[in-house]
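*Asks:* So Swiss-Prot lists these for the protein:
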type     : residues : note
COMPBIAS : 1-11     : compositional bias 'Polar residues'
COMPBIAS : 104-113  : compositional bias 'Polar residues'
COMPBIAS : 126-137  : compositional bias 'Basic and acidic residues'
COMPBIAS : 175-186  : compositional bias 'Polar residues'
MOD_RES  : Ser10    : phosphoserine
MOD_RES  : Tyr74    : phosphotyrosine
MOD_RES  : Tyr88    : phosphotyrosine
MOD_RES  : Tyr89    : phosphotyrosine
MOD_RES  : Thr157   : phosphothreonine
MOD_RES  : Thr170   : phosphothreonine
MOD_RES  : Thr187   : phosphothreonine
MOD_RES  : Thr198   : phosphothreonine
REGION   : 1-22     : region 'Disordered'
REGION   : 51-91    : region 'Interaction with CDK2'
REGION   : 87-198   : region 'Disordered'
MOTIF    : 153-169  : motif 'Nuclear localization signal'
Amino acid sequence: MSNVRVSNGSPSLERMDARQAEYPKPSACRNLFGPVNHEELTRDLEKHCRDMEEASQRKWNFDFQNHKPLEGKYEWQEVEKGSLPEFYYRPPRPPKGACKVPAQESQDVSGNRQAVPLIGSQANTEDTHLVDQKTDTSDNQTGLAEQCPGIRKRPATDDSSPQNKRANRTEENVSDGSPNAGSVEQTPKKPGLRRRQT
């Protein structure tokens, strides 16, 4: 690299090293209008909120701060909760990305629903029926904020190997009198396509 020449237009390496050490290059993200005055910004925001509140009071003749009607062109009447449509008093829906865990079903960490067998008079001795395990809603909602595994559409598989779509034949089936005892696996054949003549 001794043959490399630095042109006169570019600064020498010594000058670049000195400049980087003393004065770092300003970042690409710059404040175009100077530093932010947070006190002035807070005052402007409070003034804007007051102006909006006063405009709403004049428009609807209602004091939204004290929840009382004012004199004006509208006549406010108090009504019973039962006479209103449900959407006026029901709690708001959670945001779309929020975690939903049903209260009736408990899930393990991988998202599989747990099931318990029925005990006592409800259970049959020949075949055991499985039901979803019911949990207390207060127990279930205490940890909603901390852990949100999400609900899986299908349960997680226990085995790590993917399922093979080919029809596997076990060795005991092969030795049961099949003509080709050497092959362990057989690919199923598609039936021939039937063409309709019109």
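Glycine too: its Cβ is placed from the backbone N, Cα and C atoms.
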*Asks:* Measuring CB to CB from Tyr88 (phosphotyrosine), give everything in the same chain under 8 Å that is also at least six residues away in sequence.
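*Replies:* Expected: none.
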*Asks:* Who are the chain neighbours of the region 'Interaction with CDK2' (51-91) in space, where the CB to CB distance is under 8 Å and they lie at least 6 residues beyond its ends?
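*Replies:* Answer is none.
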*Asks:* Using DSSP, would you call Tyr88 (phosphotyrosine) helix, strand or coil?
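*Replies:* Going by the DSSP assignment, Tyr88 (phosphotyrosine) falls within a helical segment, counted as helix.
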*Asks:* Going by DSSP, give the three-state secondary structure for Thr187 (phosphothreonine).
*Replies:* coil
*Asks:* Can you tell me how many other Cβ atoms are located within 10 Å of the Cβ belonging to Tyr74 (phosphotyrosine)?
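*Replies:* Counting Cβ neighbours of Tyr74 (phosphotyrosine) within 10 Å gives 11.
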*Asks:* Have a look around Thr187 (phosphothreonine) and count the other CB atoms within 10 A of its CB, chains all included.
*Replies:* 8
*Asks:* Taking the Cβ of Tyr89 (phosphotyrosine) as the reference point, list residues of the same chain whose Cβ is under 8 angstroms away and which are at least six residues distant in sequence.
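*Replies:* When sequence neighbours closer than 6 are ignored, Tyr89 (phosphotyrosine) has Lys81 within Cβ distance under 8 Å.
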